[in-house]
Amino acid sequence: MNVTAEESEFLSAFRRDLHANPELSFKESRTQGRIESALAEIGLKSARMADTGVVAVLEGAKPGPTFLFRADIDALPIHELSEHPYKSQNPGVMHACGHDVHTTLGVGVARQLVGEQDRLHGRIKFVFQPAEEASPEDEPIGAERMVVEGVLEGPKVDAAFAFHVMPTLEVGKIGYTQGPVWARSDLVEIVVRGKKTHAAYPHEGIDAVVVGAHLVTALQSLIARRVDARDAAVLSIGKLEAGNSYNIIADTAELTGILRTLSDSVAEQVIREAHDMVRSLARAFGAEAELKITPGARLTANDVELERRVVQKMRESVGADVLVPHLPQMGAEDFASFSRRVPSTYLFLGVRNEARGITHMIHTPYFDVDEACIGLGVKAMSSALLELGREWT
């Protein structure tokens, strides 16, 4: 199932149009319209979901499973600095995480499989998801919002699939990961309450800044000395705010950070021990402190057996050397809303090309991809979905 040169040109143009017209979470109205038009051109009816999302179902001619292929569609609040002819025309907004590519992959796979309906077992539910980049306070974020609105039902989804571009992986490669793929993330907020006093008489007060500083280092020791070294865990305090004068001992301090783990049990251990540590350390200085944890994206993990089958099918389609092992990532992804509920496979699509200077990381203003990745991704996913449906039991 090859992607023709003509089709590659169409998909490249589609991607560049999306890249030049990025839209933020839950504001993807133009993107929604472009997706709907592209699906209508191949005879696929679509429905809107989660405000700016799109869902379309391709029915095969033979009975079989329901597979979900997800493509996230939103952009980031980043001002693009590249000089490509297709650079963002929306100042301060950019497809800096490759969602323009993901959306194009969804359209591309649909276009490929429409021509294979007589061989398709079951159906493919194409889900173009808004607001993957939304922050925890914007709950429910895109994927969870779609689940709440019934995307996994009617018909009931048997398995879910997704790609993500990866700038550390060479174009022409597809990375696969067994088990955890993206970390669970939890927002960490600490409020320290001490006692204000003049800076000349610190013994008359309780310095919230000192307590906060000790908490930062103590929490790093919790990760380094209480978590098994074979388990991944990162607790980063990115903000510490305290005081309003250089000459007054602060009576309050606020610390904000993020906890990322590749295991729910490790996350629960860190949270439990962090609560004890925050209270006891503050008490040792005569202060009080409260820790608040706000859940963010949940752990995204691949179903090991399904992933094995997907990798095998892709190797048969695009070549054994294309599929390479890939380490899990400590970033977070709301695809977890799908992978927690149905067997899933999430793969990384190589987009790096050093010879062409395509090396910048995601979420940066110079990020770009080698568009050769699109044809590879479309071919690999289309073939895998077609063959898996045929063999599904």
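Heads up, the Cβ atoms here are built off N, Cα and C, so glycines get one too.
Its Cβ taken as reference, H99 (Mn(2+) binding site) is surrounded by 29 other Cβ atoms within 10 Å in the chains shown. H99 (Mn(2+) binding site) falls within a helical segment according to DSSP. Look at TrEMBL and you will find C97, H99, E133, H164, H363 tagged as Mn(2+) binding site.
For the domain 'Peptidase M20 dimerisation' (188-282), the model's pLDDT averages out at 98. Look at TrEMBL and you will find 188-282 tagged as domain 'Peptidase M20 dimerisation'.
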Helix, strand and coil totals (DSSP H, G, I; E, B; other) for the domain 'Peptidase M20 dimerisation' (188-282): 41 helix, 32 strand, 22 coil
